[in-house]
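The transmembrane segment annotation in Swiss-Prot covers 28-48, 60-80, 106-126, 147-167, 186-206, 235-255, 267-287.
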Amino acid sequence: MSGNSSTPNQGINCDPSYSYVMENFKYFVQVAYLAPAVFLYSRILYVVWVQHKKSYGYHPFFMVYSMVGLILVLLDIFITRLFVYVPQLCLPAAQFFISNPFLMELYYPLLNYLHCAQPFIQIFLTTNRMSSVLWPVDHEKFWKINFSRILILNLIAPFFFIWNTIISKKVLIFYFGGFYINYLKIIPWASMSLFLFIIRSAVVMITVVTTSITFWKMSHMKNRLKKSEGTLCKACAANSICFLVPAVFEAMKVLNTDWGKHWLAYLVQPFAWDVLNVGSPLVMIFASGQLRTHAFNIKRPVLKRSNSILVSSMTN
């Protein structure tokens with residue numbers, strides 16, 4: 001099929017007209033910036049779970065968020081982008097998925113589950129950080145007591161948004177020289193674009209409110225440090241932008257049906273996700289001097305008390 005369309009096809013319709021070299025080049029360019037994100041997520045998880053477990057043991061949302069981000073990037077590298085930009089694999093891979101449809105039934109809902117879980121976790125990350133400055137004495141105790149309930153809520157909530165992807169038929173959509181996996185909606189109005197737009201828009205608004213409160217409260221602390229406040233503000237703004245970019249593209253697909261059906265929408269959308277998935281670990285590393293030191297084994301001088309506010313607020 002032509003590269004300017006993306007429609008479901010029940011058979012195998014790989015387009016041999018695309019240059020293997022050029023398509024493979026596109027793939028490796030994307031891997032070149034996705035791979036560092038895998039390294040950062042992996043390094044963060046190793047530091048948090050293994051190397052400095054005692055220091056980060058009370059930051060569970062931090063760990064869960066990193067794990068979700070890591071899985072999403074790995075799925076992008078080894079499934080989503082691989083079968084779009086490596087035409088050599090189109091025919092054998094398409095035959096394999098058609099012969100084993102349960103893999104499509106597993107992959108597509110999982111992908112959307114993770115995309116939904118990510119913003120839910122972000123909501124609790126930002127509220128957790130806000131509570132650390134509003135109620136510094138009781139905040140840690142509160143989150144420890146309620147973590148199990150909140151985790152269960154995070155695990156269940158995405159199913160209220162991905163149910164249509166679970167019950168609908170999964171298909172291969174042949175695109176450029178390869179293909180990607182999508183679904184034929186049983187319930188036409190229940191689209192993932194609509195649901196993700198709602199979720200991510202809510203996250204952006206909640207993040208703006210909670211981080212504004214956090215920054216306002218920090219500005220009234222007696223031993224505040226201007227540099228720390230500025231770093232926190234920039235980090236929060238960057239994290240909001242990371243969620244805002246995919247939310248904007250989801251909105252374009254929802255509010256403009258012609259754009260939502262255009263092949264270019266399917267081309268651009270993954271790059272909007274990249275802003276979030278690649279940007280998030282960078283924001284984590286940038287925002288926390290403690291995490292940055294541990295992740296890269298950087299020896300640093302003893303920090304003043306006021307600096308610990310930033311570390312605590314961004315890793316909570």
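Quick reminder: no glycine exception, Cβ is built from N, Cα and C everywhere.
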Below 8 angstroms Cβ to Cβ, which residues of this chain, lying six or more residues outside the transmembrane segment (106-126), approach it? 61-62, 64-65, 68-69, 71-72, 75, 79-80, 150, 153-155, 157-159, 161-162, 165-166, 170, 181-183, 192, 195-196, 199-200, 202-203, 206-207, 210-211, 214, 239, 243, 273, 276, 316
Honestly, do the transmembrane segment (28-48) and the transmembrane segment (147-167) touch, with at least three Cβ pairs under 8 Å and pairs 6 or more apart in sequence? no
Six or more residues beyond either end and a Cβ under 8 Å away: which residues meet both conditions relative to the transmembrane segment (147-167)? 60, 64, 108-109, 112-113, 116-117, 120-121, 124, 183, 185-187, 190-192, 195-196, 199
